[in-house]
Amino acid sequence: SLLQFRKMIKKMTGKEPVVSYAFYGCYCGSGGRGKPKDATDRCCFVHQCCYEKVTGCDPKWDDYTYSWKDGDIVCGGDDPCKKEVCECDRAAAICFRDNLKTYKKIYMAYPDIFCSSKSEKC
């Protein structure tokens, strides 16, 4: 669920997820179009593509099972769909962490009007 994803992001990056990522670039948050602005925005693009492949559950609202081990996220549970959603969220949280050095405040609350180029395919 988005609430669990938020917790993963907070723990991985130390940033407040809603403020820092909900409206970042062209792909973070709902929707998405154009070319990702930087590595962080590409994390969101890949995350959206991952969600699009999930069938059988609702990635935004269905809770999944996960835990922390040695600073890493471990997805678990018996439901394959929910586990897949967890893996999507895990990969994005790690991607955000790995790209903290290139995070740009200029892309926070980025206006959609600047995301008008042709969208990439997943």
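Glycine residues also receive a Cβ, built from the backbone N, Cα and C atoms like all the rest.
Annotation comment: Swiss-Prot describes C26-C115 (among others) as disulfide bond. Secondary structure at C26 (disulfide bond), as computed by DSSP, is coil. Sequence-distant neighbours of C26 (disulfide bond): residues of the same chain at least 6 apart with a C-beta under 8 Å from its C-beta are G32, R33, G34, K35, P36, K37, D41, F45, Y110, D112, F114, C115.
According to Swiss-Prot, the disulfide bond annotation covers C28-C44 (among others). A 10 Å cutoff on Cβ-Cβ distances gives C28 (disulfide bond) a total of 27 other Cβ atoms nearby, all chains included.
Within the same chain, residues at least six positions away from C43 (disulfide bond) with a Cβ under 8 Å of its Cβ are C28, A92, C95, F96, N99. In the three-state DSSP scheme, C43 (disulfide bond) falls into the helix class. Look at Swiss-Prot and you will find C43-C95 (among others) tagged as disulfide bond.
Per Swiss-Prot, disulfide bond is recorded for C49-C122 (among others), and the stated evidence type is similarity to another entry. In sequence order, C122 constitute the residues six or more apart from C49 (disulfide bond) in its chain with CB-CB distances below 8 Å.
In the three-state DSSP reading, C88 (disulfide bond) counts as helix. Residues annotated as disulfide bond in Swiss-Prot: C50-C88 (among others).
Long-range Cβ contacts of C81 (disulfide bond) within its own chain (separation 6+, distance under 8 Å): V54, T55, G56, C57, D62. Swiss-Prot lists C57-C81 (among others) with the feature disulfide bond, giving similarity to another entry as the kind of evidence.
Look at Swiss-Prot and you will find C75-C86 (among others) tagged as disulfide bond, backed by similarity to another entry. Listed in sequence order, the residues of the same chain lying 6 or more apart from C86 (disulfide bond) and placing their CB within less than 8 Å of its CB are Q4, Y64, T65, Y66, I73, C75, G76, G77.
There are 17 other CB atoms within 10 A of the CB of C95 (disulfide bond), with all protein chains counted.
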